[in-house]
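Annotated in TrEMBL:
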- B:25-47: transmembrane segment (TRANSMEM)
- B:84-288: domain 'ABC transmembrane type-1' (DOMAIN)
- B:88-109: transmembrane segment (TRANSMEM)
- B:121-146: transmembrane segment (TRANSMEM)
- B:166-187: transmembrane segment (TRANSMEM)
- B:208-229: transmembrane segment (TRANSMEM)
- B:267-288: transmembrane segment (TRANSMEM)
Amino acid sequence: MSTTLERPALDTPRKVPTSKDTGTLLKGQKRAGWALLTPALLHSAVFIVIPVVAVLVLSLTNYSFGDTWSWVGFGNYADLARDVDFLASLWHTVLYAIVVIPISMAIALAVAVGLNQKIRGLGFFRTAFYIPTVTATVAIATIWLWIYNPGSGLANGFLGLFGFAPNRWLADPATALPSLMVVGIWQGLGTKIIIYLAALQGVSRDLLESADLDGASRWQRFVNVTWPSLGPVQFFVLITSIVGTFQVFDLVYVMTRGGPGSDTRVLVLDIYQNAFQDLKLGYASAETVIMMIVIAAFIGVGRLLQRADTND
Amino acid sequence: MTSAALPSTGTSVSRRPSSLRPGRIALYVVLIVGALLMIVPFLWMLLTSFKSDLEVQQFNWLPGELRWHNFVEAMQSAPFLRYFRNSLFIAVGETAFTLVVCTMAGYALAKAPIRGGKSLLNYFIVLLLVPFQIILVPLFMIVKSIPLFGGNNIIGHGGIGWLNSWWGLIIPLGAAPLFTFLARQFYVSLPDELAQAARVDGLSEFGIFLRIMTPLIKPALITIAVFQIEAAWNGFLWPLMITTSDEMRPLQLGLAIFSQNPAEIQWPYLMAGTALATLPMIVLFVFAQKRFVEGMANVGIKG
């Protein structure tokens, strides 16, 4: 790359001022900057900012695609408090999050610590754990639908080898939601493992070695050196997991459609059906607002936990 | 590089080669069992796709013979080929759109001397946290009322806008703020002197962006492309909401429709279709593994 600083500025007057005057040069740079930014600003305004505001406004109306609609104040919210389908969906989603998040984070961290031990075949293991994550959830759900098949699926077939009685899995109210949770945990491991693995490689080697010289056991080193330095990454993984688990939809839509009864009904499925099958857009928007609040509450609790952890 | 001392010191004094110590062996056993748990469902999918209808009536591992024609028949029993083409079109379109919009914005955020640049960056970071499910309902309405499309008038009334159109499938979910942020992170690390030298040479600002700076962040472009292709290929809820005709349905939607009638599901065909739907992404991952891993790590640790 030869920089020809001494060459006089070529007189090709495009939209850039040829003048060496830094003022006009700066102006040109500013103008170009705004021009480059405009598409992204426009796109995000139309497809993200306006919808976020709109969902708040819509939640106070009874809008349903027709031309006539009216303000209903907090009427939608009052109705939601009595809507058994919504309450069941909220409960299942919260339960799903509470079970799936800690278990998948713990397993992912354990696997990442294992993979961080200078082992052979790292590429193979990384690929194996990550493949479920790059695969479409619909495809995952289809495969597990077949695994959970009560008649000749893998789950009953495999457990049968150890003498377990066949289970009806997705068709049994007692096991339907836990069966979905297993798939959720299974699919979500890859991303978390890779993030943890990257973070583990950033843990100070000096600290670990001096702890080692001081006679700290492997467990003590993990608790006192590794764990504290994972703080920010833990929080990132936690937030993305919260947002991810509250969004669970594809899995439920393909595997159970919320059944049996409404035993696996989750929030996004309920929102989807209220909005696009019953055309109650205002109502579905109120539901969305509740979901936002619950997600925010979860993140808040996560933050408190993290603070308590680092203050120890 | 992990220190070699770290694993070998925990279990006291045994001086055998590290690969033979019981701790090591246990570690390998656990990891291999874990990896098998990840892979076996896919293996089960593949094995099933070769079986006959009779063979899937009862649990067994291996198909009697490799029935390759299952794949052909699966392709014929549903318009999989068309779904496949649709998914490909959406993935390519969305990725091209994302690359153009996000590199432009990322560059401006990183290098342009605009007032409020910092708050603009924060704006994109905040948006990056908005989950798609939150804006589901209004997004549908906005896409329905895009002016002058799908029979709409100038104020967006009267027609269906971008519903059931390629525009609607590609544009709204493209150019995610995450990718703008990611691009910005890479541009920021390029030295300003490069742009300055090109400026002295009389290159336009846009030329500097396009011909000097952007070629230097090729790894970022590949990372963005890989993530966007994956997201577009695997998308389900949005196409489910806005497509009404089979003409435009992507693969995941076709697959879901195919599996919706439990009584009549022909598992070998369904698994053959699923295998065809998952294969491209697995291949993409194996080839672009480094980019996936680096991208995830970058977002996770810097983000």
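From the backbone N, Cα and C atoms, a Cβ is placed for every residue, glycine too.
Keep in mind that TrEMBL annotations are predicted by a computer and have not been checked by a curator.
In summary, the transmembrane segment (B:267-288) lies against the transmembrane segment (B:25-47): three or more C-beta pairs, each 6 or more positions apart in sequence, are under 8 Å. Tertiary proximity for the transmembrane segment (B:208-229) is limited to same-chain residues at least six positions away from its ends with a CB under 8 Å from its CB atoms, namely 91-92, 94-95, 98-99, 102-104, 107, 111, 174, 176, 179, 182-183, 185-187, 190, 194-195, 198-199, 284, 288, 291-292, 294-295, 298. Residues of the same chain lying 6 or more positions beyond the ends of the transmembrane segment (B:166-187) and with a Cβ under 8 Å from any Cβ of it are 89-90, 93-95, 97-98, 101-103, 105-107, 109-111, 121, 124-125, 127-128, 132, 139, 142-143, 146, 149, 213, 217, 219-220, 223-224, 227-228, 231-232, 235, 238-239, 242-243, 248, 250, 295, 298-299, 302-303.
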